[in-house]
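Enquirer: The structure under discussion is supplied below as C-alpha cells; questions concerning it will follow.
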Amino acid sequence: MTRKSRRLWLLLLCALGLGSATALTLSAFQDNLVFFRSPSDIAREAPTPERAFRLGGLVETGSVVRETAADGKPEARFRVTDGAHGVAVTYAGVLPDLFREGQGVVTLGRLGPDGTFRASEVLARHDESYMPPEVADALKKSGHWNPNQGAPPPAATWNTLEPAQAQPRRGS
Amino acid sequence: MIPEIGHFALALALALSLAQALVGLVGAQRAEARLMGAAAPLAAGVLVTVLAAFACLVWAYVANDTTVLNVVQNSHSAKPLLYKISGAWGNHEGSMLLWVLILALCGGAVAAFGSNLPSALQARVLGVLALVALGFLGFILATSNPFERIWPPPMDGQGLNPILQDPGLAFHPPLLYLGYVGFAVTYAFAVAALIEGRVDAAWGRWVRPWALAAWSFLTLGIALGSWWAYYELGWGGYWFWDPVENASLMPWLAGCALLHSAIVVEKREALKTWTVFLALLAFGMSLLGTFLVRSGVLNSVHAFANDPARGTVILVLLAIYIGGGFLLFAWRAQAMLPTGVFTPISREGALVLNNLLLCSIAAVVLAGTLYPMFADLVLGEKFSVGPPFFNTAIFPLAVPLIGAMTLGPVMPWKRARLFPALQRLWWAALAGLAALVLCFAIEDNRVGPALGFGAAVWVILAAVADIADRIALFSRPRAAWARAKGLPRAAWGGAIAHAGMGVMILGLAGMGLATDTLRLVKPGESVALAGLDYRLIGVADAPGPNFSARRATVEVRDGGRLVTTLEPERRSFPVARMTTTEAAIHTTWLSDLYVVLGEERDGGAVLRIHHNPLAPWIWLGAAIMALGGGISLSDRRVRVSAPAAKAVKAGARA
C-alpha cells in the first residue's frame with residue numbers, strides 16, 4: 001500500500017468517524033434537549049405531554065401537600081409560581097432536604113393533559129442561599145425582580161414574594 | 001506569621017517559575033549547556049516553595065487560624081482532624097493551590113527522572129511546564145490568594161460543606177489532579193517536540209510512561225468520585241452526565257487515545273502528528289475541565305464561591321496554552337514525516353480505529369457539555385442536556401469500540417488478516433454470544449443489559465485468550481509458566497486493563513437491571529424488593545461529632561434468614577444549617593442493597609430502597625484498569641528509559 005492511498009484511507013476513516021459522531025450528536029440533540037420553561041411560558045404555550053422539560057420557579061407558599069398514595073408511595077403536591085402564573089405539580093418521591101415553601105425550585109417532568117405537571121425529579125441545591133439561575137431569570141421576566149434596582153434580594157426574603165403581593169409588573 | 005510565609009513562598013515560586021521558563025526555553029534555543037542545566041534545579045526549587053506554601057495552608061487549617069479568610073469560610077474548630085486537613089483543598093483557593101502543587105511535582109519528577117533525556121528536550125519540557133505553572137501561580141496570587149487575612153478575626157469558622165466532610169475528599173481531588181495535571185507533562189513533551197520539529201520512537205518511549213501514569217491516576221480519580229457520589233448523595237446512581245463529570249471524562253478519553261497512539265509512535269514511528277495532536281488535546285481537555293469547574297459557569301458541589309474575574313482569567317490561560325499549542329502545531333506539524341507504513345487491517349489500523357472512536361466519543365461529550373452553555377450565552381435559550389442525550393449518542397460509538405478493542409492486541413503489526421485474529425478469539429466470542437442470549441432470555445428481552453453482559457464476557461475472555469495464547473498455555477502447558485514470567489509487563493498490563501474495562505462493563509450492565517422503590521413505612525412494617533424483605537425496626541437519635549442524626553434501623557431478610565441490618569441516617573449540621581442523607585449500603589458483590597432514609601411523618605418514615613446488581617464491579621473494574629496501567633508502567637523497557645540513580649543526585653543538589 002502506498003503512502004498516498006494510506007493517507008486516503010486514514011482521511012476516509014476520520015471523515016467517517018467525525019461524520020457519524022456529528023450525525024449522532026445532532027439526532028440525539030433533536031430528541032433529547034430538555035428546555036427550561038417558567039409558569040408564564042406554559043401559560044403562553046403549553047408543551048405537549050410527550051415532551052419532557054424543566055419547570056422552575058418559586059414554591060407557592062401554603063401550597064405544599066404531602067400525602068401517601070394507595071400503594072404506600074409518598075406523594076407531594078405543590079404549586080410552582082413565577083408571580084404572574086402558577087402550575088400545579090405532583091411528585092412521587094422524597095422531596096430534597098432543602099425543599100421549602102417560597103424557595104426556588106427546578107423540577108423535571110412532563111405536563112399532563114389536565115395541566116398538572118408530573119415531576120420525575122425535583123432539584124433543590126445543596127445550599128440554602130442558592131437561587132437557580134433559570135429561576136432568577138424567570139423572576140426577572142415576570143417582574144418580581146428588576147436587576148436595575150440592584151442585586152437580587154437574599155433567598156430568605158423570596159419567601160414573602162407571594163403572587164398576590166407581586167409588585168406592579170414591568171412589560172415582559 | 002505562617003500564612004505570610006506561605007504567601008511569600010508562592011510569590012517566590014512564581015519568580016522561580018519565570019526563571020525556569022526562561023532558562024529552559026532560551027537555553028535550549030541557544031544550546032547553552034549551563035542555562036539548560038539550571039532548569040532542573042529551578043524545577044526542584046519551585047517544588048520546594050509550592051510545597052512550603054501548601055504546608056502553610058494546611059497548618060492554618062489544622063490550627064484553625066481564624067485570621068485567615070479562607071479558613072474562616074471553610075473550616076470550623078469542631079470538625080474532625082481529617083476534614084480539617086482535607087478541607088484545605090475543599091475550596092476554590094486551596095484546590096487551585098493543590099493543582100499547582102501537583103504541577104510542581106510533575107516538574108520535579110521530570111527534573112529527577114528525566115536525566116536520560118536529551119538535555120535540550122528536557123530543558124524545553126521543563127520550560128513549558130514552568131510556563132504553565134507561571135500562569136496558574138499568577139492566577140492564584142492575583143485572584144485567589146488562599147492566605148488572605150481577615151480582621152477582626154471571628155470567633156470560629158463557618159464550617160465545611162457537610163457533603164464534603166467525607167474521607168473521599170482526602171483522595172478524590174489529589175488523584176484527579178494527578179491525572180489532569182499529569183497530562184501537562186505530555187503537553188510539554190508535545191510542545192517541545194513541535195519546537196524541535198522532531199518526533200521519533202525515543203520520544204514515544206519517553207511520553208508513554210507519563211501518559212500512562214496520568215491516565216491511571218485519572219481513572220482512579222474519576223472512579224473514586226463516582227463511588228463517592230454513589231454513596232454520599234443517596235440518589236442510587238453512579239454517573240449523572242453532569243457537566244463536572246463530563247469535564248473529567250473528556251481528558252480521560254483523550255488521554256486513553258494518546259496512550260494507545262503513543263504505542264504506535266514507539267513501536268512503528270507512525271501516527272506522529274496525530275499523537276502530538278492528542279497530547280495537546282488531552283491537556284486542553286484538562287484545562288477545559290479546570291475552567292468549567294473552577295470558573296463558576298457551572299453550579300454544582302464542585303463550584304465553590306466564585307467571582308466572574310476568576311472565570312475570565314482561567315479562560316485567558318486556557319486560550320493561551322491551548323491556542324498557543326495548536327498554533328504551534330499548525331505551523332510545525334508539517335516537519336514531522338511519517339515513516340512506518342501499515343495496511344488498514346493491522347494492529348496500527350486497530351489502534352487508529354480506537355483513537356477515532358475515543359475522540360468521537362470525546363467530541364460528543366464536549367458538544368453535549370458546552371452546547372447548553374453556548375446556547376444560554378449566545379442564543380439566550382435555556383435548556384439542559386441529560387443522560388438520554390449522552391446514552392443515545394455514545395452507545396453507537398461504544399459498541400464498535402468495545403467490539404474492536406479485543407482484536408487489536410491479537411493482530412500483528414504492519415499487516416494482518418481479520419480471520420486468523422478472530423480464530424484466536426473464537427471461544428471468547430462464543431461465550432460472549434451465549435451470555436448475550438442467556439441474559440436476553442432471562443431478563444425479559446431487554447436489549448441494553450444483554451448487550452452489556454455479552455460485551456463484558458467477550459472483553460474479559462478475549463484478554464484471557466490473548467495472554468493464554470502468548471504464553472502458549474494450551475499448546476505447550478509445561479513451558480507456560482516460564483513464558484508467563486518472560487512476557488513483557490506491558491503485555492500483562494494491557495491485557496489486565498482491557499479485562500478491567502470488561503469488569504466495568506459487567507457492572508454497568510448489572511446496573512441496567514437496577515430496581516428501586518419508595519415507601520412510607522411505620523416501624524414493624526416491611527417492603528419487598530428483588531426478593532428481599534426490608535423491615536423498618538425503628539428510627540432513633542444518634543449523636544455525631546459535629547452533627548446530630550436520625551438513624552433508622554432496617555432489617556433485610558431473605559425468606560427467614562437475616563441478610564444484614566442497615567442503618568441509613570439523616571444528619572443535620574448546625575454550623576452549616578444543612579441536612580444530608582447517609583445511605584446505608586450492604587454489598588454482597590452480586591448486588592448492593594442500598595437504603596436511604598427520607599422524611600419522617602405520620603408516625604413512620606419514608607424509605608427509598610435500591611437493589612443495584614453488580615454495582616461494586618464498576619469501581620472494581622476501574623481499579624483493575626488503573627492497576628493494568630501501573631503494571632504496564634513497571635515494564636523494564638519503560639524503566640530502562642527512566643533510570644532512578646541520577647535522580648537522587650538531582651534532588652540532593654537542589
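Note: Cβ is positioned from N, Cα and C throughout, glycine not excepted.
Here's the feature list from TrEMBL:
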type: DOMAIN; residues: B:89-295; note: domain 'Cytochrome c assembly protein'
type: DOMAIN; residues: B:315-636; note: domain 'Cytochrome c-type biogenesis protein CcmF C-terminal'
type: TRANSMEM; residues: B:6-28; note: transmembrane segment
type: TRANSMEM; residues: B:40-62; note: transmembrane segment
type: TRANSMEM; residues: B:125-144; note: transmembrane segment
type: TRANSMEM; residues: B:175-195; note: transmembrane segment
type: TRANSMEM; residues: B:207-229; note: transmembrane segment
type: TRANSMEM; residues: B:274-293; note: transmembrane segment
type: TRANSMEM; residues: B:313-331; note: transmembrane segment
type: TRANSMEM; residues: B:394-413; note: transmembrane segment
type: TRANSMEM; residues: B:425-443; note: transmembrane segment
type: TRANSMEM; residues: B:449-469; note: transmembrane segment
type: TRANSMEM; residues: B:490-514; note: transmembrane segment
type: TRANSMEM; residues: B:614-633; note: transmembrane segment
Enquirer: Would you mind listing the long-range same-chain contacts of the transmembrane segment (B:40-62), meaning Cβ under 8 Å and 6+ residues beyond its ends?
Expert: 2-3, 5-7, 9-10, 12-13, 16-17, 19-20, 23, 68, 70-71, 75, 81, 84-85, 87-88, 94, 97-98, 100-101, 104-105, 107-108, 110-112, 114-115, 122, 126, 129-130, 133, 137, 146-147, 650-651, 653-654
Enquirer: Which range wins on Cβ pairs under 8 Å with the transmembrane segment (B:125-144): B:313-331, B:394-413, B:449-469, B:490-514, B:614-633?
Expert: B:313-331
Enquirer: So which residues does the transmembrane segment (B:490-514) touch in its own chain, when a touch means Cβ under 8 Å and the partner is 6 or more beyond its ends?
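Expert: Residues 236, 238, 402, 405-406, 409, 439, 443, 446, 448-453, 455-460, 462-464, 466-467, 470, 591, 610-635, 637-638 contact the transmembrane segment (B:490-514) from elsewhere in the chain.
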Enquirer: With a Cβ cut-off under 8 Å, give me the same-chain residues at least six positions beyond the ends of the transmembrane segment (B:6-28) that come close to it.
Expert: 34-39, 42-43, 45-46, 49-50, 52-57, 60, 97, 100, 104, 107, 119-121, 123-131, 133-134, 137-138, 140-141, 145-147, 195
Enquirer: Find the average pLDDT over the domain 'Cytochrome c assembly protein' (B:89-295) in the predicted model and report it.
Expert: 91
